[in-house]
């Protein structure tokens, strides 16, 4: 038996064992601000009085310096405003209405769809058309083909008028004139503008006279203003050929090519416009309408060489003068 004052050894050992086992058990991880193991040291209060310069106090910033609670791009706040959205929608509506009005006004003077017809060309058409202008004597069929009362696109009909060749020939004529003026030490940017405005002025005067003559003489025809513009502008192709000939054969080559191109262009215009002017004339073949149309056509063909000479004569120098300039 044990003594009454002694402590039981067995119980003490068991309790001690329990205590030791309880002390050996790891504590569960605690998160937050409670007591527990920390993986990193708390450094938030090390520099309490430190202030970052250049960054005013404001809302907290997150990853990649993005501010929370504010729009991510400048226009987001405006787009989020209902009044601003209504104003933008109203502005888009006004812009659409203005575009429609401009197109309607433009269609009254120049139809875009009709203008596209004169530029519906391809490489084969351009090559054949240039050959027809320089060598029209072997061509037999000069009638313009139609498809359901509408003329066929120029790429399918070599006799149809186009504005691609005249526009390109006009630009090439201005550039060629600038080059020739440069060889004569007379080039200046103002000279290009003078040549362009002069050529356009003569073309405008020529078209105005033709339209006035058609109205005064009461000549019925199927020609439109753009058709006349195309036929009157084919002379720029001949002008380029004559000016380029002057670079190789001097003034003699210029006059030779100018005479031949004048003959070929007159033959081309006479055969092409005869179908449009004489076929629409009133009365019979020997009536007054046919004679007036024929006279007008002859005058138009006779005037072309003089206009070509007037616009290119100052670009050509004599042989002696050109040699002195080159020296």
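Each Cβ is built from the backbone N, Cα and C atoms, and glycine gets one as well.
Sequence annotations record features per position, and here TrEMBL assigns region 'Disordered' to 1-35.
The transmembrane segment annotation in TrEMBL covers 163-182 (among others). Here the transmembrane segment (163-182) has Cβ contacts under 8 Å with residues 115, 118-119, 121, 126, 129-130, 154, 188, 191-192, 195-196, 199, 226, 229-230, 233-234, 236-237, 239-240, 243-244, 246-247, 315-316 of the same chain, all six or more residues outside its ends.
According to TrEMBL, the feature transmembrane segment maps to 194-216 (among others).
Below 8 angstroms of C-beta separation, residues 118, 130, 133-134, 161-163, 165-167, 169-170, 172-173, 176-177, 180, 199, 203, 206-207, 210-211, 254, 256-258, 261-262, 264-265, 268-269, 272-273, 304, 307-308, 311-312, 315-316 of the same chain, each at least six residues beyond the ends of the transmembrane segment (228-248), sit close to that stretch. Here TrEMBL flags 228-248 (among others) as transmembrane segment.
Under the heading transmembrane segment, TrEMBL lists 294-311 (among others).
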